[in-house]
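This is the structure, below, for whatever I ask next.
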């Protein structure tokens, strides 16, 4: 996310891209959704989930349109550079050469589509992978670019804090209990406090912090180096994730089918909407990774339809996961990390399955943590980078990795309330990335495209929400969400 134009990579079919996008969106946020559903009530949760899914789809089409406009501008600049080079090389050309060049220059002054020969690619074809940072540099002024990177950095800090808390929290829940020897995990009516004993004199919070320290020592050093997620590791973690989700849904359905469901969720409870909103926004987050995902798709003819199909499938999956959870488990017994509800012997008889589900977040999150950390570090470098300048070795190799790693670890040290961490990250930084940035990107790219190519040029990847009303509506919704969440937090604190 350093904001550069990067290699497109190996091409894949549109349906493979659909699967990749599904895997990208459905992540850690899905594991915190059941508790948020139970807290806010099933009807309010369903309505908000569908509406936020629709809003995420709208801004996803905005980003795709901006990607196409960025590709067209890059092609136009390459044509201009080529013309300048040809002008320099032909300064001593004959009169006939001059005549040919004059004709070419007159053609260059027409809109770009008029100089496209038959069979040449559409100027708005998405072939160059232009990351969001580069699009911000193309369409925003300096203040806008800095605000973009600030928003991305805050979101990535929240991401790392969630990851840093989720792994030790899962390990603590699996290995600790009130008595210290209960291998079946959390019982239905058991409420644990951080001060309860874990092993001998060690409290649960002590075990959590020990696991956090081990997690930081093992994965923190990767922040100081370059690391990327390999194809095979991605396949392995995706396979583990879908096995875990499938097992949880099936187990919950079996209990409900056998009339063992304990959940009686309310219809609506507006006190839980704040966290639900943040969790849902976080769970639909994909806009910042769309360039890496969409560009390698070989055929983009029906791209918008495929993206819409993906969102429908994701909505159905989130609904199935959350509704089976809230009707299978009592609302007060649902854990921040849904997998931990299956650590009970009366839910899962096989110890291997209990430990797999309990430790599943540990494996998947541990593979993502170094990637997110390196991405955040690179964004810090890009934010402070000056043209032609280089960083001293200490700043480049020590300062930037340190300011990347320390804050999220400190947040995780202070709290392991995953629902609140996900809610706040989604409600603030998530709102900026998912709503504000795409809306401003598409607004400025449309204006620049009209100036550069004329009114008659059509962007083949233009969003179906092409009226300016939708840009204003998205920004108004983002502002309303910011006010609502902030007011809700303030009112909640004053009641304590």
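A Cβ is built for glycine as well, from the same backbone N, Cα and C atoms used for every other residue.
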Read off the topology recorded in Swiss-Prot and answer whether residue 233 and residue 455 share one side of the membrane.
yes
Taking a Cβ cut-off under 8 Å, which residues six or more beyond the ends of the topological domain 'Extracellular' (328-354) line up next to it in the same chain?
30-35, 38-39, 166, 169-170, 173-174, 183-189, 244, 247-248, 251-252, 255-256, 261-266, 321, 360-361, 416-419
Out of 147-167, 205-225, 277-297, 355-375, 398-418, what stretch is closest in contact terms to the transmembrane segment (37-57), meaning most Cβ pairs under 8 angstroms?
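By Cβ pairs under 8 Å, 277-297 leads among 147-167, 205-225, 277-297, 355-375, 398-418.
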If I restrict to non-local contacts, at least six residues apart, and a C-beta distance under 8 angstroms, what lies near residue 193 (N-linked glycosylation site) in its own chain?
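Once residues fewer than 6 apart are set aside, residue 193 (N-linked glycosylation site) is near 204.
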I need to check the long-range neighbours of the transmembrane segment (277-297): which residues 6 or more away from its ends have a CB within less than 8 Å of a CB in the stretch?
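Non-local partners: 1, 6, 8-14, 16-17, 20-21, 24-27, 29-30, 32-33, 36, 48-49, 52-53, 56, 59-60, 63-64, 67, 126-132, 135, 152, 155, 303, 314, 318, 419, 422-427, 430-431, 433-434, 437-438, 481, 484-485.
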Tally of helix, strand and coil residues over the topological domain 'Cytoplasmic' (298-306) according to DSSP?
4 helix, 0 strand, 5 coil
What same-chain residues lie close to the transmembrane segment (422-442): Cβ under 8 Å, and 6 or more beyond its ends?
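Residues packing against the transmembrane segment (422-442) from afar: 28-29, 32, 36, 55-56, 59-60, 62-63, 65-66, 132, 135-136, 139-140, 144, 148, 151-152, 154-155, 157-159, 161-162, 274-285, 287-288, 463, 471, 474-475, 477-478, 481-482, 485.
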